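Undergrad: This is the structure I have questions about; it appears just below.
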């Protein structure tokens, strides 16, 4: 396949994918249309150049969460209609409604996000017991390993006072903290309030920040977690095995730990308690299917148990769901990831 004169080299593509995309998304916020649907944000990089010479390749950069089902441990209306009230800046007036499960179920977290016709998932309220130490889990199964660039949340309620993002790298693997957000980092998560890792420290661990933990705005607050932001070796990502493993995930979990309040819940008024709940209108995961530089496509495949999953369409004589081994009879050299300077084709 011929590349136009405007095609990116492997090095340029890597830098843009991990740096430019994340910086633009995080700095420009909601005016950029990212994470709302099936949009391909960056095209795939092919495995062979116009002279049929092997090169590092990557699948397209996508919203990996789009239209996947999210498991929620709590949803309003699940046990029958719930009464809830909407927070306003006027403390003496609250608009109260009923929630049925079909109104705000988890499917609305990953549907096509339309600001003109908003849809969202919503939990039960503080009146039903939704508050610390009782938490709500939202779990997303990606069905394959992905290289995660960002996880983005758009809230319909005020952003939580404390919540965490976790990841794991296989279905039986333990959950690993990815990022904490809290106005009380030390008390809630036993971590200092920090936005960056010091040079020389281990980089594959979660930070906690108090940024985004204010109750304002009451609606449409946004949080975008970049997996490489604040990690010094991110600029040399191809050489950092630690960070390559850090960005890898098969599942993402969001744990909502503590609601943001004005403090008026202490009086126990039912209408006030019903005005505190979690609501999220969109969850997006900016990522590429993990193929270790040896595939430009991920395709659906049916396993032995009949389950449909994604697998890399491997090139460079590699094999496996992530192109993570050499084909039989191609074992003259040890398998390695492809890089911008070394294709590491199996031979």
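Positions of Cβ are set from backbone N, Cα and C atoms, glycine also.
As annotated by TrEMBL, disulfide bond applies to 314-323. Look at TrEMBL and you will find 53-288 tagged as domain 'Laminin N-terminal'. The domain 'Laminin EGF-like' annotation in TrEMBL covers 289-347. Annotation source TrEMBL lists signal peptide at 1-35.
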Undergrad: Within 10 Å of the Cβ of residue 314 (disulfide bond), how many other Cβ atoms can you find? Include all protein chains, please.
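TA: Step by step: centre on the Cβ of residue 314 (disulfide bond), count other Cβ atoms within 10 Å, giving 23.
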Undergrad: Per DSSP, residue 323 (disulfide bond) is which: helix, strand or coil?
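TA: Looking at the DSSP assignment, residue 323 (disulfide bond) belongs to neither helix nor strand, so coil.
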Undergrad: Using DSSP, what is the helix/strand/coil residue split across the domain 'Laminin EGF-like' (289-347)?
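TA: For that range the per-state counts are 0 helix, 16 strand, 43 coil.
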Undergrad: Which residues in the same chain, at least 6 apart in sequence, have a Cβ under 8 Å from the Cβ of residue 323 (disulfide bond)?
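TA: The answer is 291, 292, 293, 294, 295, 312, 314, 315, 316.
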Undergrad: Within the domain 'Laminin EGF-like' (289-347) only, compute the mean pLDDT.
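TA: Value for the domain 'Laminin EGF-like' (289-347), mean pLDDT as a whole number: 94.
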